[in-house]
Every structure is written in structure tokens, then in C-alpha cells.
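One structure is given here, and the rest of the page talks about it.
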């Protein structure tokens, strides 16, 4: 027996093939076997051995409907089989495993030690220094009181520490989520004219975002978030970062009145129509702190050991800015400050929920959209850092954790939270070991709420704008966009559609456009699957795409086609037309070249995982078309589900014939060649059932 390998050089194969070109078609390379793993496939040796075949196409055993339905639901909703650990366990052990599954803290807490705490303590203090100024800044971005940014960095991290499965995720508010919530709520309620109603709607929207996230986790419907592709997220985040940065020109120039629209045209019109109100003091201060923030970030990038420099810079900027305003009385010269911040921990906000107001639909819509965006960002960040440390996170557990922390947060005066990239990156670089770093951060924020909030009275808003701009510039991932262009132009189109949709339209428009294009691409792939002609790799029984392997040779008298997708109603018509076109082109080519006429059409079904009734009808039509041309249809390697449905529809027994199904393309080719060159049988006839299927 001869063993063949895809890795062998095609040149040696071509050399051997050229020596045989002058021989007749009967001498087409026919190795006696192909060793694949632990299976040896044996093929016919000649005219005296037509019945030597040891492998047949088998249909799966029929299953009761309920059992089949149960299997389908399990594979759809539980692909990771989370309950396998409960098998063969006693009742007490199952209780322990259940607690560890729903509360990951129960799994690692017994092994926690002082060495781990030392690392988490340093990381927690570091991210707290970033969380405090970012929280205040992002709350202003959502048109909410600055104190809510601190509230949202206290309660949600504690909830995530109990339910979350990521060791590196640092919980808090994000610029994109804040912008999106502010933009959507501002369309219905003016935050300045009716701040109380606006605040209540923000709590209600956060509650519904949490309900959505928790529901997706409980019912294991996380695959819905997968419709936000990587290209979509890159473009959307970049566009949102651009819009957020431009909106900070209000703070940089000290403008009191500004447009509520988020598109670049409205923002720039608002900026340049108020040039007479620009405050040079605010502009100088903002540019100075922005330069300071970007310089320290650049330094930390070049010197990774000093990552803490960039992490501490936002808090340092807040302290320096506050001292500068306090000693120079800059607030009297047009530099706007935060003002009084309420001292104390989060007040309960259950009574502030809006469930009967005419604005209820706005809160629900805002919660759904912001919840999905927060999920996509948080899970993507968590998986990225988990990959660096070689551990896995459960996406459905993360959804449940995000949902619960937003539900609890909405009841304790918090707004939308997730796992922001900037804060998580600092947490990762600071050497965190577990989610205890979130607990340390929450304790630091709690201390700030209890004792330090009066110190932020003189914090200039221009410093907060500088902090936001410096953070947003890191979200514009132009390198990822270049990578998309080099790898997949369609993904690049999706990315740019999301970006320009956000920048020139709105956050919602950009998101809808990007998702619509992604779904359109998915539908295009489903409705237009790839088909190709397969040829023989010289001196082997391997058959591959002739475009990918130009040195492969087609078999005289045979047309081997591969179908690279399941056959459904959406692509059945296209496949019928495309297969017919392949046959027409092959017959024209044969007629022009004077080669042996086409006798057999072999369909390689290796990639066809399933087929529906429309697909079965298409197969019947193809069979009729081929029969009218006095050709024979042959199937190679049909999958179990396909064989089962074709058998139930009587296609195999009444139309095709079981003897014309083969386990591999190689066996199908050998059988057809045997019929052509040895038995000299009419190709349109059913033939003898020598395949023993």
C-alpha cells in the first residue's frame, strides 16, 4: 500500500505524471490504498477485482422524535456541556459544584492566600486611581450627575467579584456606553430642563439592560451577541471614540451651550458658530493637560515596566487641576468646575424607576441597545485577557454576571457598567491575580465617597474633557482596520460602514448599518455557497479543488463537483443553476478538445452538513437534468443527516440507487472508471449493485 501526504512536493508528482501522459486512460494512477489514521481504504485493482470494497455509506440509526429534539436543543444551547461535571457525583458534591458554577468565587476563594492578595491589592489601588476620574468624566458624558460615576464604581464591582469568571476584568462605566445612553435619552428628555426624570430614565434603562443581559445568560442565548462581528465592533468603537472626542471640545473651549446631536457636522457647526464664546484660559488648560496625559501614555508604552505612570496620570491631573483652580480662582475667569459632590454611599433608587411613564418605551429601547453593546465590549475584553493568561471564561456566566450587576446597580443609583478596556488593561498590567482587585477598587471608591468627595469641588471640567479625549484616542484602532483591509475587504467595508455611520449619522445609525451589512453578508454566504471542480493529485487517491491545486488533473469522462455548504431553501435554486452550468461548460470543453465524452457527475457532499426539503427537491431536479443528458449522478461522502433525509424522501432508493453512493471521492472515481473501461455499461442505466451499500 502507498501512503500519500498533502505536504509532498507537487513537482515530483508532476514529473512522474508527465512520464505517464503518453499511456492510455487505463493507466491513470490507481494506488492500491490510502492510509488515513487507523483506516486503510482499499480500492479495485483491476477488471478481475470489481467487488473489492470494504466501506459503505451508512445512515445513522433512527432516533425517536423527542430524543432527537432533546439532542438538537442540547447542541444549540449547551455546546460546552456545562453539566458534565455533575455526572456520577453524590448529592452533596453536586450542591458544591452547583455553588461553584453559579458563584465562581466559591471555587477559588478556598485557595486564596496572602501572596495573591498582595498582587490584587496593588492592582486594585492602581485601577481605583483611574476609576475615580474616569467615573466622574463618563457620568458627565451621559448627562448625569458626576457622583453617579463614583456610585457605579462601587456596587457593580462587588457584584461581579461574586459572579464573574474573568480574573482580569475591571468593572466600571465606559465612554461608549455613556455616550449611547445620553444620546438616546436626550432625544426624549432634556437633562437640563428635567434632570429628575432624565435620571429616573437612566436607572430604568440600566435595569432593562441588566434584565436583557441576565436573560441571555440564563437561557444561553449568547450567540445573539455574535452578530456583532469583530469588524463591526472595531468600526463602531472607533466612530464612537471620534464622536466622544469631538464633543469634548465643549469642555476644552469652555462653552456653556452645545448641540445634543452626535454627528460630526452638527458638533463642528456648534463649535465654530460660538467662536466669540471660546475661553482661552480653558483652552490653554485643556491642551496642557491633554499633552501631559498623552506624553505619559507614550512613555508607558515605550517602557512597559512603568505602566503605572499612565494609570496614575488621570488622578494626578484631577489633583493638579483642582489645586490650580483653587489657588488661582480660575473659576472666576471662565473655567468651569464640577461643584459640590454629595458625600455618602449609594442611596437606594428602587422608587425612582419609571415603569408607567409614557417614556417607558424609551427606557426599554435604550436598555436593550446599550445592554448589547456593553455585553459585546465586556466579553470581548474578558476573552482577550483570558487568552494571554491561558484560561477560559464562560460567556454565558459573564452575561449573567453583567446582568446582575446592572440590575443591582440600577437599584443603588448606578447606571450602565461593563468591563472597559482601558481599566482592564491597567488591571492586567498591574499584575492582578483574581477579581479581588475589583473589591479593593470598590473599597477605595467607598472611602472616597465617605470622606473625599468635597475635594473634587474645584476639579475643572476641562481636565475631565482631556481625560476622556486621551482615553478615546486609544479606542481608535487604525491598525485593526488596516489588518481588515489586508485580510478581508468585505470586513473592512463593514468596519468603515460602522465608523462613518456613527460619525456622520448617530451611534444608533452606525450600529444598525454595521449589523445590517454583517447579516447581509451572512445571508450572501448562505445563499451563494461555493462550488468547484475537483481533480486528482498525481500519484494519489486524493482529489482537491483544481483552482487551489492547479497541478491536479481532471478525470476523463467524469465531472467531480464539491459543494461547500448545507443545502437549504435559500441556496437550492442557486446550486441547481450552478451545477447545471458546470455540466454545460464541461460538455462544451470536452466537445472542443475531443476528449472522452462526459459520462458521470460526482457530487462531493463532504461539506454538506444538512439538507431541507427544498434541497431534496433540488437534488431530484438535478437527477432529472442529468438523466435527460444520458449521464449518471454519483454521491460521495454524504453526511449522516443528509443520508437520513434523502432516504426518508425515497430519493436514494427510488431515484438514485444505493449503489451510486460512496464513502470517498476516490472510491466513486474508481467505480466510475471501472464501469467506463471494463464493464462498458451504459452510464444512464442503474448498474449492478456492486457497491454493497
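Note: Cβ is positioned from N, Cα and C throughout, glycine not excepted.
A TrEMBL annotation is a machine prediction, not a hand-curated record.
Annotated range for transmembrane segment in TrEMBL, selecting from 362-380, 419-437, 438-456, 533-551: 438-456. For the ranges 262-283, 284-305, 306-327, 328-349, the feature annotated in TrEMBL as transmembrane segment maps to 306-327.
As stated in TrEMBL, the feature region 'Disordered' covers range 1-60 out of the listed 1-60, 61-120. Range 227-246 is the one annotated as transmembrane segment, of 167-186, 227-246, 567-586, 587-606 (source: TrEMBL). Fewer than three CB pairs closer than 8 A are found between the transmembrane segment (399-418) and the transmembrane segment (497-524), and contact between the two stretches is not assigned (pairs 6 or more residues apart).
Under DSSP, the residues of the domain 'STAS' (548-672) split into helix, strand and coil as follows: 67 helix, 21 strand, 37 coil. Beyond its flanks by at least six residues, the transmembrane segment (497-524) meets 176, 179-180, 183-184, 227-229, 231-232, 234-236, 238-240, 242-243, 261-265, 369, 373, 490, 570 of its own chain at Cβ-Cβ distances under 8 Å.
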